[in-house]
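Copied over from Swiss-Prot, here are the features:
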type	residues	note
BINDING	116, 166, 170, 288, 320, 372	substrate binding site
MOD_RES	194	N6-carboxylysine
BINDING	194, 196, 197	Mg(2+) binding site
SITE	327	site 'Transition state stabilizer'
């Protein structure tokens, strides 16, 4: 066997990291990047540079390469594809050996795959479009603390989406008035109320006061309605120690569910909190605040389907996924894709929904998809169709904004049950939605007023991040 010798100097990345004949292993972590190269940098060299800089390569030859098996540990760019309708960029597929990453650490995965390489000068823009996690890696991660079935069993609620409300105004209420708003919404027929993502422990409402008044509201509504209720108590905090302190107090006052901002709070904190929830029988609601900073630019950043996979591995029983019909970004096909990635046990490659790889989750439980952001009763037929039963339909202004106060909690429940009944009868909810709601409103003045109030409200803006699908 020839002995390799060290030769100082600079070589092209493609000599070591571009391997078009490579067949990915079942244990490899696979990535699809969208690369916009700098002028004069060819495709293979740019893809190889990304593979090198996101694994074990650097800009020059180093003598310590001879102290390890570089051929085993390096990332390999193995395929390039055109982006339909955009000749300024292309897809690069890269395979990484599983041993490059610490077991069960999505933090470590992100440190490599979306670390310094995103500032690399050889590329003008770089976006991580998708990841394939092998089952060997999935099994090292904690995943959702409980999952869909366990949550339904805890709540004793089956056969329909769950209903929620984000309390408004999101900032400025006193703890007592905040609790009052929660009580009215829960008593009116909702399953959950929710802290907004930016409610932590501000001077106008300290966290302990909020927790106490809210749980009083939850318990009172439960006694009056005979249904299990809950409120997402946001335990996101300045430090992990303070976060756990708030979680422990939520457990002490018998709260069924807490909440965390997983991107703003950090993936390390989120994984730790998910483990705590698993060990303490607490459900975990996840908000995605900050995601659009990362995922909205179609050429640079991280696609939300990747953030969804990372959250499922890190741990969360609920995740906000957008609405398609509301005020937030997200086209229908892409949204359905990442909803499946959150809930299903196996999701096949489907380019029409932006899914670049098969993803096998094994026995890892799925989480509820949360539809939230600019939705109201007129959206109910579409929401039930798009999201199905394993979802939380979260109306904020669409509950608290009713002319009769929180009467819209009752209106939302009536609209939901009318849609679920019609679906069971085989009716087409989106085509017959207006007739269904009008018939239900004949027996619900609360729903009738809500329909009048929001009949002209639409959010018809063009989606910034469109699926790139080849013409057939």
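Note that Cβ sites are derived from N, Cα and C of the backbone, with glycine treated the same way.
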Query - Cα-to-Cα gap, residue 196 (Mg(2+) binding site) vs residue 288 (substrate binding site), nearest whole Å - result: 11
Report task. List, in sequence order, the residues of the same chain other than 194, 196, 197 whose Cβ lies within 8 Å of the centroid of the Cβ atoms of the recorded Mg(2+) site. Result -> 166, 167, 170, 195, 198, 199, 232, 234, 259, 287
Query raised in the report: Checking the binding-site residues 288, 320, 372, which are within 10 Å of residue 197 (Mg(2+) binding site) at the Cα level?
Result: 288
Report task. Report, in whole Å, the straight Cα-to-Cα distance of residue 194 (N6-carboxylysine) from residue 320 (substrate binding site). Result -> 12
Report summary line: Quick note, residue 116 (substrate binding site): same-chain residues at least 6 apart with CB under 8 Å of its CB -> 53
Report summary line: Between the recorded positions 170, 194, 288, 320, the one whose Cβ has the fewest other Cβ atoms within 10 Å is 170
Query - Least Cβ-crowded entry, counting other Cβ within 10 Å, from the binding-site residues listed as 196, 197 - result: 196
**Report entry** Neighbour count (Cβ, 10 Å) for residue 166 (substrate binding site)
**Finding:** 24
Report task. Go through the binding-site residues 166, 288, 372 and tell me which ones have a CA within 10 A of the CA of the residue listed as 'N6-carboxylysine'. Result -> 166
Report summary line: So residue 372 (substrate binding site), by the Cβ count within 10 Å over all chains shown, scores 24
Report summary line: According to DSSP, residue 116 (substrate binding site) sits in helix
Query raised in the report: Hey, does DSSP put residue 320 (substrate binding site) in a helix, a strand, or just coil?
Result: strand
